[in-house]
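Participant: Got a structure for you, questions after.
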Amino acid sequence: MNTQVLSQVRLSHFLAVCKLKVVSLIVFTAVVGMALATPGIVPLDILFWGTLGIGMAAAGAAAINHLIDARTDQMMTRTRNRPLPQGQLNERQVLSFAMALTATSMVILVYFVNPLTAILTFFSLVGYAVIYTVFLKRATPQNIVIGGAAGAAPPLLGWVAVTGEIHAYALVLFLIIFVWTPPHFWALAIYRRHDYAAADVPMLPVTHGPRYTRWQILFYSIILALVTLLPWLLGMNGLVYLAGASVLNAGFLGYAVALLRSDDEMLPMRMFSYSIVYLMMLFAFLLLDHYLPPSLTLVP
Ligand code: HEM
Ligand SMILES: CC(C)=CCC/C(C)=C/CC/C(C)=C/COP(=O)(O)OP(=O)(O)O
């Protein structure tokens, strides 16, 4: 292999440990948090540096997760092909990469955004990369409920990047992702339960069985449908958001009910894919509604 091809391969491995697709959605929710924090346009420097800083921190957290989970990843079909278990990158390379990403993100957030955003982002990073990955994941089937707080932080981080303070509306956005995370993950975990059992990771479908997990998914989906009404009930957003959220919730609840009525092995994976489209669209509706003239969205 010539050196150019070799360096492209290396680059693709480094990008793989960043979990780029997950990070893109995380960054999108952060940008929506920034937009909702101000009635006008987000200051372009905050938009740029905030997005970069939060994105690099999330990618750094994902790289640390790859490092810590390398042995578990080796035992699971879904994760076996990752760069560390495959020997395409070694631990030192991933550690240096993760540290570089994390340090750069903190410098960016402290100097170009504000210290509170840097502190909260750092807590989210430690929450996912250390508290969830090292401790919770192997300790309790409630791992992703508690660990979900890290993944739910980005819209709050975006909000704080713009205003420098924590507002109740930002906590509503946090709450939406927090309640969305268990059905998002458990749908996948039902399908992948044999993988988790083989790796001895106590995910809910392993410890309490798929049937119980399906009931829990329905429970969280109902709470999610209620929590997503808050932006409208509190006057953050208007009817365009409400209409969009209602359609999306009908789909989410439809999947949750279908999971209890059907034993189709692939249905949980379809719900998992839908959960990603759901969150992306829900935040797109928050954004759209925010920028529409009030006469169109009829804020009460
Ligand atoms: C503790 C919280 C979370 C857990 C345990 C979790 C778990 C997972 C897992 C196991 C996957 C499959 C990844 C793969 O096959 O490589 C996944 C995919 C995904 N997750 Fe989550 N997730 C969480 C939070 C989030 C958050 C907060 C977001 C975005 C806001 C998100 C967005 C996504 C996306 C976009 C994918 C698809 C990635 C792809 O297709 O490669 N997740 N999640
Ligand atoms: C802003 C900031 C610093 C946030 C960091 C939060 C972050 C990157 C959350 C991602 C959540 C996620 C992909 C969990 C996967 O679970 P897993 O690691 O158990 O899944 P796996 O088996 O696919 O590795």
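Cβ atoms are placed via backbone N, Cα and C, with glycine included.
Per TrEMBL, transmembrane segment is recorded for 20-41, 47-68, 94-113, 119-136, 143-162, 168-191, 212-233, 239-260, 272-292.
If you look at the structure here, what lies around each of the features I listed?
Facilitator: Within the chain carrying the transmembrane segment (20-41), a Cβ under 8 angstroms from the stretch's Cβ atoms is held by residues 47, 50-51, 54-55, 58-59, 62, 151, 154-159, 161-163, 167, 169-170, 173, 177, 236, 276, 279-280, 283-284, 286-287, 290-291, all 6 or more beyond its ends.
Beyond the transmembrane segment (94-113), the same-chain residues lying 6 or more positions past its ends with a Cβ under 8 Å from any Cβ of the stretch are 14, 17-18, 45-46, 49-50, 52-57, 59-61, 63-64, 66-67, 83-84, 121-122, 125, 161.
Using a Cβ-Cβ cut-off under 8 Å and counting only residues 6 or more beyond its ends in the same chain, the transmembrane segment (143-162) has close neighbours at 26-27, 29-38, 42-43, 46, 50, 54, 58, 61, 109, 113-114, 116-117, 120-121, 123-125, 127-128, 131-132, 136-137, 169-171, 173-178, 181-182, 185-186, 202-203, 283.
A Cβ distance under 8 Å defines the sequence-distant neighbours of the transmembrane segment (168-191), meaning residues of its chain 6+ beyond its ends; these are 29, 32-33, 36-37, 144-145, 148-149, 151-156, 159-160, 203-206, 210, 213-214, 216-217, 220-221, 223-224, 227-228, 230-231, 234, 236, 252, 255-256, 259, 265-266, 268-269, 271-272, 275-276, 278-279, 282, 286.
Using a Cβ-Cβ cut-off under 8 Å and counting only residues 6 or more beyond its ends in the same chain, the transmembrane segment (212-233) has close neighbours at 169, 172-173, 175-176, 179-180, 182-183, 186-187, 189-190, 204-205, 239, 241-242, 245, 248-249, 252-253, 255-257, 259-260, 271, 282, 286.
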Participant: Take the transmembrane segment (239-260) and find every residue of the same chain, 6 or more past its ends, with a Cβ under 8 Å from one of its Cβ atoms.
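Facilitator: For the transmembrane segment (239-260), the sequence-distant neighbours (Cβ-Cβ under 8 Å, at least 6 residues beyond its ends) are 183, 187, 190, 214-215, 217-218, 221-222, 224-225, 228-229, 231-232, 267-268, 270-271, 274-275, 278, 281-282, 284-286, 288-289, 292, 296-298.
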